Structure formats: C-alpha cells, structure tokens
Amino acid sequence: MTVEIEPSVTPAADGSVVRRGVWRTLRRRPAFWVCLVAVALLAVVAAWPAGFGGLFGGGDPYDCDLLESAVGPGPGHPLGTDLQGCDIYTGLVYGTRTSLSIGLLTTALALGIAFLVGTTAGYRGGWADSVLARVTDIFLGFPFILGAIIILNSTGDRSVLTVSVVLAIFTWPTMARIVRTSVRQVCDAEFVAAARAMGLRSSRIVVRYVLPNALGPTLAVATITVGGVIVAESTLTFLGVGLQAPSVSWGLQLASAQAQFQEHPHMLLFPSLVLSVTVISLIALGDMLRDALDPRGR
Amino acid sequence: MMRFVVRRLLELVVVFLGVTFLIYAMVFALQGDPIAALAGDRPLPDSVVRVLRARYHLDESLWQQYLRYLGGLLQGDLGTDFTGRPVSERMASRWPTTIVLALTAWLLEVLVGVSLGLWAALRHGRLADRAVLLGTIVVSSIPIFVLGATAQLYLGVRWRVFPVSGTQDGWPMGFLLPAACLAVFGLAAVSRLMRGSVIDAMSSDWVRTLRAKGLSPRRIVGVHVMRNSGIPVLTFLAVDLGYLLGGAIVVEGIFNMPGIGQLLFAAIRAHEGPTVVGVSTVLILIFLVISALVDITNSLLDPRIRRDR
C-alpha cells in the first residue's frame, strides 16, 4: 500500500543526483519517519485486518450484541461499542481497508487520467493542448462535493469502486495541470531534443525521458490527495450519498455516531482520531516530499 | 484588453455548456427508464407509455432533450420538485441566510487567515511558523461534520457561548459559530498561501533594496510586501467566495440554518432528485461566474496576467 509513494523517496534504480538529494533531505527529518511508520502500519492493518481485529476479543465487525449497545470503553471493548453494539475497535480495523482503498483507488485512477491528459497536452501542444485545457476547465468548474453529490445521488449501488470512480472524476484535473506544466518544462530540454534527433518513437521519449521529470511533483500532490479523498468520502457518507450500511468504513462509523454524539461522545471520538491521524500523516508526507523536491517553498 | 475579456467570457460559455451537459447526461440520461419506474410493478399499456414519453419529451434524442433543458435553465427554470413546486421558488427565500453566512465566513478568512499567514512568515522557521503550518494540516484532516458537531456540542450545548442552532439570534451571534466551521478550510489555505508569498517576497531583491534605503521594517512589510503578496491571496479569496456560497451544505444542515445548503441537505436525505440537481446546478453556475469575474478583474489590475495567456 505504501508502494504508491515509495518510488520517489527511495534512491531509485537510476540513482540520479536530484533523487538522492530528496532522499537525503527527507531521511534527516524525524517527522518524515513518524508519518511513514504511521502510514506503513495502516497499510499492514488494511492488508491483514483479521490479524488485528481480534486482539481484544471479538474480531468480527458484524458480530454485534444489541445488549451491549453504546457501551463506553472497557474490558472486551477497548474503544467501546456503537449503537448497534458493534465493537468500535474492530470496526476501525476493518474500516481501514475500505477507507484506504477508496483513497488509493481514487488517487490511482486520477493519476492515470492526469498522466494521460497532462502528457498529451504538454508534449503535443497546439490544438490538443487547447482542447484538453478546456476539458480540464470543465471538470475544475465543479466544486468537488457538489459534483460528487449530483452523480452519486443518481447512482443506486454505491460500492468502494463507484465512490472511487466518482471522486476520481473530480480530482484528476489538478494533477493533470501539474503534469502538463512539468512536461512543458522538460520538452525543450537538450536531452529530449537529443532523443528526438536519435529518431526515437514519441511514446518512448515520453515514457523514458519526459515522464520521470513530472513524477516527483505529481506524486507529492497525489499523497496529499489520498488524505483529502479519505476526508471527502466521510463527508459524502455523512450526507447519505457515500458508502452504505453493509460496508464498514470510517466514514460510516462517523456518520452514524454523529447523531448520538451528545450522549455517547466516544462513538465519534475514536474514529475521528484515527481518521485525522491518518490524513495528517498523508498530508504531512506529501508536504515534506514537495518541500524536498522544491526547496524554495520552505 | 478587450481581447482578453472576450476570450475569458467565451471560455465561460464553453465551460458552462460543458458543465451543464455533463450534469444533464449523468443525471437524466443514466437513470434508466423513468416511465417504467413510474409504472411500478404492472406494465402500462403501450398507448399510455407513448403519450407519457411524448409529454416528457423522452422520445427525443439526448441532444434535443439537453437543448430543451438548457433553454429552460436560461429562463430561470430549474425544474420542479415532486410536489410540483418550482425549485427556483423554493430557493428564493433561502438566499439571505446563505449569503450572510458565506460573507461572515469570508470575513473570518480574510481577517484571521491573512494575519496568521503574515505572522508565520515573519517568524519563518521558528516555533510560531511551525505551529501555524501544523495547525493548517490538522484542521484539513477533520471532516467538517465532525468539526461542526463538536463545536455545536461544546460551545453551544455545554458551555452556552453560542446559540445551538438556527438564525433566531440574528447576526453576528447566530452566524459566528457556523461561519467559523465553514471558514476553517479556506482559512488554512489562505494562511498557507499568504505565508508562502510573504516569504518569497521577503527574500526578493526589491526588499533588500528597500532595506538598504533604510526603510523601517514596519513600512517594508506594511506597505510594500503586503501589496505585492496580496494579489495571489486576494485571487484565492475571491474564488473561495464561490465555494463558500455552495459549500455550506453540511454546516447549514448541522446548525439547522434555513439556507440553500440546508435545502440541498434535506433534499439529498429525502432522495428528491430534481431538487438536488436544480440546486447544485445553480451553485455550480455561481461558482463559474465568480471565477470568470475574478480572472477579468485580475487582468485589469495586473497586465502581466493578460500577457501570460
């Protein structure tokens, strides 16, 4: 799961000077390690929820006991139970997979579109650039939540996949613009001209020489996006257009806890703590990555 | 100059057509057969289906239907809800609340966001700077409904600093808490942007020249740096006003304020498709128009922007 961000932080196979510099800068910052460990831990939990869900007894997110409805933290239920008597800790563990999946899947889809559109616009230029710029504008024209509401409102079956696809529709334009700008910057570089002079095919030039330069800044933004998407999912779920009941996700836990907040604050407190720590780690990672790639901003 | 304005307006038209078509295609065309849904379990006779399809123009192509919808939209027709009342009529009485709420939130963003950003930038690298940066990240990691519910419980119900909900207390008390919740995200962005752009300016050559001339630090920051760093921040603030007008769905829902956002909130909960689409469309259009106006104003203020494009 951390694979998403790793290529740009490890000294990759080509070991270029720039990349090694980034790794050196990041390596020295304690905050970087804290965030990385947090994200890695969540990735392990998401990959293997069964190993963590049962640590305090129970272990099945659907094994709920109505007799123990809305119990505060105590033995057997370290974080208490929700209104249906489901263990909040177990729900959080199983929800990790759902919430991280939505974050990663959305970002991966958006990255795919962004790279396709951004490189085409940046490398081809001319009319392709103008047309794609207008298309990007159209999608940027939607305020994120409103656009998602319109589509999800008319989608009957809302699974992890559908929610991710809809969120991706509204997240790709920002990244596409970054890719386009980076591609533009290297297009006139001498090594690209050299590659052209050697008669290489466009596809090869783009993949081998142009794209690696756009990778860093885009991945930094992508890391931040994963965090933003996780928050957006919970908001959409709260509004009633996100995931639905049989699924287990942090957003669903928060949405159902909100109504009971005044009497049972623990139901909202723990899920929102976990969600916030996750999102803070992701945003901070992205920020540090961006600073390391472009030291001017620090 | 005129060329830029005309071009930006043309862009607005293109984006407007694109956005409305997307909304139309996604919502109206992908919903399956509405007549079959209307009929329920027992299929209707063919003749009835034909009449109904003709009445609602369902026998036309997607393009014809879209043009019809667009024509209605231009005349202010946003469709009708399930009880037959026009959506635009239901929105009309709700505008004041939403506008006051958005403006209050915007004022908070301007005052608090700009000062925080400036403060952090002038203490670049020190504790205050780090605290502001961390604060902006923490704030963007909390879903807005969690923030709203928490603020309502502690500041409203428990400590009684602010009214719990509604607008009966009038401005400012009735609006401050929801506006603060609404402003939090933009506030984080504004202070980050302000911080970045002041730091950039402070390390620039012209600030060094001003220092060499012997100007007081207060004057350098107050007059010269503020004026130069203000442009990107102002641009962001202007566009953000569009977001604030449309982004109050959750906040108005939680604080039960009778605004546009709450109408949308209630409509989503009650599965009132036509109302959801009508209201969202208007909010998106407002956002589009504001961004176009911002671009044009910016180009009037700063000739460099005209030339860049």
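For all residues, glycine too, the Cβ spot is worked out from N, Cα and C.
Please treat TrEMBL annotations as automatic predictions, because they have not gone through curation.
Summarising the annotation, TrEMBL assigns transmembrane segment to B:12-30 (among others).
The domain 'ABC transmembrane type-1' annotation in TrEMBL covers B:95-294.
Per TrEMBL, the feature transmembrane segment maps to B:99-119 (among others).
Note on the transmembrane segment (B:131-155): residues 116-117, 119-120, 161-162, 164-165, 177-178, 180-182, 184-185, 187-189, 191-192, 195, 250-251, 254-255 of its chain, located 6 or more positions outside it, place their CB under 8 angstroms from a CB of the stretch. The transmembrane segment feature in TrEMBL is assigned to B:131-155 (among others).
Residues 100-102, 104-110, 112-114, 116-118, 120-121, 132-133, 135-137, 139-140, 144, 147-148, 151-152, 155-156, 162-163, 167, 229, 232-233, 236-237, 240, 243-244, 247-248, 251-252, 254-255, 257 of the same chain, all 6+ positions outside the transmembrane segment (B:175-194), place their C-beta atoms under 8 angstroms from a C-beta of that stretch. The transmembrane segment annotation in TrEMBL covers B:175-194 (among others).
The annotation transmembrane segment is assigned in TrEMBL to B:233-255 (among others).
Residues 1, 4-5, 8-9, 11-12, 15-16, 19-20, 23, 27, 73, 78-79, 81, 87-88, 90-91, 231, 235, 238-239, 241-243, 245-246, 260, 263-264, 267-268 of the same chain, all 6+ positions outside the transmembrane segment (B:275-301), place their C-beta atoms under 8 angstroms from a C-beta of that stretch. What TrEMBL lists as transmembrane segment is B:275-301 (among others).
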